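Here is what TrEMBL records for this protein:
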TRANSMEM  64-88  transmembrane segment
TRANSMEM  109-129  transmembrane segment
TRANSMEM  160-188  transmembrane segment
TRANSMEM  209-228  transmembrane segment
TRANSMEM  248-270  transmembrane segment
TRANSMEM  291-311  transmembrane segment
TRANSMEM  323-354  transmembrane segment
DOMAIN    362-467  domain 'FAD-binding FR-type'
TRANSMEM  584-608  transmembrane segment
TRANSMEM  628-648  transmembrane segment
Amino acid sequence: MPSTTYQPYKMEQVSKKELNTEAQKNIFGRIALNMSSNTVPGISSVQSSSMHDNKPNVLKVMKILLALVFAGWIFIWIIVPTSTYRYTWSPKLYADTNSTYFGRQGTNILIFAFPVMFIAVLGCIYLHLSKKNVHTGNRSSKFSSQMAAWKRPVLVRGPLGVVSGIELAFCLMFLALLVWCFWTYLSVSFSRLKIHGSEKVWKAKLDSVGLRFGLIGNLCLAFLFFPVTRGSSLLPLIGLTSDSCIKYHIWLGHIVMTLFSAHAICYIIYWASTNQIDEMIKWSKTDVANVPGELALLTGLVLWATTFPRIRRKMFELFYYTHHLYIAFLFFFMLHVGIGFFCMILPGVFLYMVDRYLRFLQSRTKVHLVSARLLPSEGIELNFSKNPGFSYNPLSTIFINVPSVSSLQWHPFTITTSSNLEPERLSVVIKKEGSWTQKLYRALSSHTNVDGLDISVEGPYSPITMNFMRYESLVMISGGSGITPFISIIREFINQSNTLNTETPNLVLICAFKNSMDLTMLDLLLPVSGNVSDMSRLNLRIEVYVTREKEAPINVAQTMIRTICFKPNPSQTPISPVLGPNSWLCLAAIISSSFIAFLILIGILQRFYIYPIDKNTGEIYSLSSRTILNLLFMCLSIVVASTIPFLINKRRNMKDAKQIKSLDLPTPMTSPSSWYHCSDREMESLPQESLVKATKVHYGSRPDLKKSLLEIKEENVGVMTSGPTGMRHEVAAICSSGLGSNLHYESISFSW
């Protein structure tokens, strides 16, 4: 197996002779260093805890309270199908809460909506208080064996992908909840089944079964929007991110549509067998409306059909556009069941609407694209200006929209920079694969617009914890552009070792590339600018495998990285937090104020308009009209409560943007084309001997992952993988096989 030490190349356009000379000298490209004596943003967790000694106790009490409220909310769903709740508790609850301000709707708001909204608001306060006390873990050999066993993958291959023990346990508990509710619903219903006239028993039971399918589907729908609410506090409270929870949303979506389809089929058969097929075209004024339910099902089926992997991967744009039918699905579903029943799933929808509107507001702002680097592998690195006070954790993701490429499409990408190491810059790497990325690459490579591109962003969305820092050794395995999440991790360790002077774990980076042009991805491991870029203090070993080439190429002229710089645009601003530095507190205020405003508005509507008409009987005033009015009040409350703090923070960001200087923009000296290609401003190259010595390239072979992992003998080894599905499954299978009890698989989300 041929191998050689990696000889990195210059980033800019220089002559072939110079490139070969630099390669022979083992110089790792031209790195522009922006040294600064300013303190790197970020406060030590030790200092923070010493200033606030009482915080841990307060946080612990808050966490216990949150857990108890959530357990109570789950308990409500467990007892709802029972006869005790239906015939004893429910009548008393409705009698006690059936006020002239909310009617029967108020009961469902109280027992189904209020607990989750309370958790969301208190969770925001909890995350704000714990923000400066983020627990990164201790690199101790006494790693919890019980927790490690629960986190090991137990399912590797199959339709569910890689599933850990704790994920499987929660999935089984959720399925048990569905089975319990369905069986209990049927048992209670069948025990009190009433046969009308000559109706056969099986028809009456079919009617009951169809209704119960709908009720269980509603239970799943109550959880459906939690995993895709990116800015919510619910996921960070349990250490999750929206990206890592997409699979839960997919699973729930399949279950929801299966149950609702069964619900519809049962009723169609029932109506046909009882000569009531005309029920399909009835729109009841004060009861369940069938026509909106059928429209909701049709839009849901169209949406569902495009979510299957073959269609989603081959026709992503079709999947993306049809997925917006969820708006029509929810609207018709509300008209079908009425606002009172819809309040059972209100929290997930309400929180998602708040998050979606805040994302809409942020997306209206154009951000400053400082430069773009076009890699020989046809990848792109976009470098944005960032507010220096805005920090995020490694493995954060950001959503990007380029209107000149597609005005509707948003794509997630993993951030490669460290906010502590590079306080004024945020970068992402984009692999040229789909039609969207191909259009973006052509737009940048043609560089017809020297003013740059109009780009909007949503995020960043950061994981709350950094578990990868608790290990003695950390093995990072990537395939192709899957290296991008590990770039941010390595840069964070550079900051830890140099700025904070803390001990870092042993790092092993195993990369697999198709050809040698992809080797320039390693140039991105070192920041272009920042306070610190010394890797000599890291115990880093890099094993690179070039699978489709037998030996190192002789002609290195094709491996240049081309850098394009853009002049600043007054209408563009640095990337800043959408709600300011105290975003969690601001989000808590938005959620609480919008929900309270919604309650006040529907209370006024009920007391002074609806109640005088039907006196809480529900038999006179149109249920559809009441549902639409509730929906309008909900949207109005969210829009007002979210827009005011956003505009206040935007004004503050505009003031800060004027004080942020542009990052090394070129001075016009020659032709306009050279101004924006950095040809006249390149700084002197610096040899990065520590990185060169740590890197070894193997040509014509693939990594033996099993051998590489089992050779590591430390007692506490974290294993992270990013890249093709087959590679992730292979690594997960090795970690779960029991051959290496010291290996702890860490699941990460990867977007590019």
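Cβ coordinates are placed from backbone N, Cα and C, and glycine is handled just like the others.
Beyond its flanks by at least six residues, the transmembrane segment (628-648) meets 331, 334-335, 339, 350, 353-354, 357-358, 361-362, 578-580, 586, 589-590, 593-595, 597-598, 601-602, 605 of its own chain at Cβ-Cβ distances under 8 Å. Mean model confidence for the domain 'FAD-binding FR-type' (362-467) is a pLDDT of 85.
Sequence-distant contacts of the transmembrane segment (291-311), counting only residues of its own chain at least 6 positions beyond either end whose CB sits under 8 Å from a CB of the stretch, comprise 250, 253-254, 256-257, 260-261, 264, 280-283, 318-319, 322-323, 325-326, 328-330, 332-333, 335-337, 624. Counting residues per DSSP class in helix, strand and coil order gives 15 helix, 40 strand, 51 coil for the domain 'FAD-binding FR-type' (362-467). By number of Cβ pairs under 8 Å, the transmembrane segment (584-608) is matched best by 109-129 from the list 64-88, 109-129, 160-188, 209-228, 323-354. Residues of the same chain lying 6 or more positions beyond the ends of the transmembrane segment (160-188) and with a Cβ under 8 Å from any Cβ of it are 74, 77-78, 80-83, 86, 149-154, 208-209, 212-213, 215-216, 219-220, 223, 247, 251, 255, 725, 728-729, 732, 745, 747.
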